[in-house]
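Trainee: TrEMBL lists these features:
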type     : residues          : note
ACT_SITE : A:175             : active site, proton donor/acceptor
BINDING  : A:20, A:23, A:115 : Zn(2+) binding site
DOMAIN   : A:10-203          : domain 'Succinylglutamate desuccinylase/Aspartoacylase catalytic'
DOMAIN   : A:216-296         : domain 'AstE/AspA barrel-sandwich hybrid'
């Protein structure tokens, strides 16, 4: 759990919303900040608010042609522009120009990408495994509001990462739910807003030379996905079992029911070890053949984040 | 509260789902019944399952071109077909051929139209005021499961009625929530299924000559709607206040907060009498400029529904 750790102040920070156009928390926060950007200013930097998918946002859909948050691959980002490109490929290239280029020294230092889910996931942070800077951010946010429950969801991309935050040197997704698509709940909106403010505060502290000690933390590491039971023509043959619905991050034991078929029968979890389901019954995942994701709960040790002034100098 | 009351057995009954293609309770019940119609059979009749908006259902959107459940007006139903007709106008005309024609003797006897809402409305029945037959149905359903809370929502169409049930001689909308668009919850699915079964049981009892006594019942009569606070460009300037969110059918007193603006201020309800908000923060109503509907709570006296054998004979 080590790299990449910034060794310089983070000056170029973006807060992105509307990466999925029907997840209204980020959409309306960004729209607000575009009119009133002062809230994103800190002494050492100003975060840039960006409406990531304006076309999808305008029609209140997740995307227009394809999921933008799966489009930040080198293949899409470096493909030659063509008139019949999917909208999101064009938009990903624009964002890569503005915030990247991905993997380059010119790329933004940090992207905080704002999402909502229909699943009962509370406040979750989604980040790539082994990014200790983002882990320190999560830790900081947890300490700011110890009365709230936060969950850290780690993924290890099997190939290259394809999400919007991957364009920057560091990044994280903030995922809050449950909130229906196309709905803006005031409670989720204000909590998301407060978390963005605390994120910027954390970066400000880091920029000013604050060191953060090592710690151990519980994380959920994504394993794989489970599809709905389906009929021959691809429609659902049942849905998430009432005993699993809304139980994100709770243990699922072998033999426990996971689906209720329309014919009345239960489908049981046939794995041989306990897992922790997340994104249970997320609306956007029906088309991705995902009823929920399985995760493993583990404790990781995060090394200290040294103060900037203590950054190692180059060897002579 | 008198007409229309059927004086003959109800033989032609339809259960419609997917009138809005992203309200998945009705969509999947109808798909199931199309494969297994036995559940809709009763000794005196068989209900016909109908997927009302297959094109919208296929793309999991409320509608393709316009809201089908506002399209059953005489103007749309009798307009001459043209190649550039909105899909839902064509589809409404098809349904009117199959289930109507609206207002004619050949029309179906009863349509039960299945809906879901993102609002916290529990189990609600939506019906036109003064339809005593539907009121008896609601009463019957309430008595079947007295442990559940049902709400009866009455509307008086200012002009002609434009919803799918209006095609039949009698009809009602079953509205269940909260359920996000594009999500199928097992709890809502099974409750909706049980209510459909009880509705068919009620019709069967009526067809067999059962009389139903008079009763008084509490209903919510829809008054008008309240839009979100908006910016000059039409975007939200705030959203439903946390103190109003999820409080459908609860009293809203003059001076109580209804919106939380993004600038932190509250908007208070400036009416001069208590109302009962419904459809609070329904996703589909953002585009209709509706943050919630106001209703008035009142008690109505419903006259007895006489047994069919006691139907008056024509005077000589």
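The backbone N, Cα and C atoms fix where each Cβ goes, and this holds for glycine too.
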Trainee: Going by DSSP, how much of the domain 'AstE/AspA barrel-sandwich hybrid' (A:216-296) is helix, how much is strand and how much is coil, in residues?
Mentor: 3 helix, 32 strand, 46 coil
Trainee: What other residues of this chain sit with their CB within 8 A of the center of the CB atoms of A:20, A:23, A:115, the recorded Zn(2+) site?
Mentor: A:18, A:19, A:22, A:25, A:26, A:62, A:69, A:114, A:116, A:117, A:175, A:284
Trainee: Calculate the per-residue pLDDT averaged over the domain 'Succinylglutamate desuccinylase/Aspartoacylase catalytic' (A:10-203) and state the result as an integer.
Mentor: 95
Trainee: Sorry to bug you, but what's the C-alpha spacing from residue A:175 (active site, proton donor/acceptor) to residue A:23 (Zn(2+) binding site), rounded to the closest Å?
Mentor: 10
Trainee: Could you state the whole-number distance in Å separating the C-alpha atoms of residue A:20 (Zn(2+) binding site) and the residue listed as 'active site, proton donor/acceptor'?
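Mentor: If we compare the Cα positions of residue A:20 (Zn(2+) binding site) and the residue listed as 'active site, proton donor/acceptor', the gap is 12 Å.
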Trainee: C-alpha of residue A:175 (active site, proton donor/acceptor) to C-alpha of residue A:115 (Zn(2+) binding site): distance in Å?
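Mentor: Cα to Cα, residue A:175 (active site, proton donor/acceptor) and residue A:115 (Zn(2+) binding site) are separated by 5 Å.
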Trainee: Let me know how many other Cβ atoms fall within 10 Å of the Cβ of residue A:115 (Zn(2+) binding site).
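Mentor: Taking all protein chains shown, residue A:115 (Zn(2+) binding site) has 26 Cβ neighbours within 10 Å.
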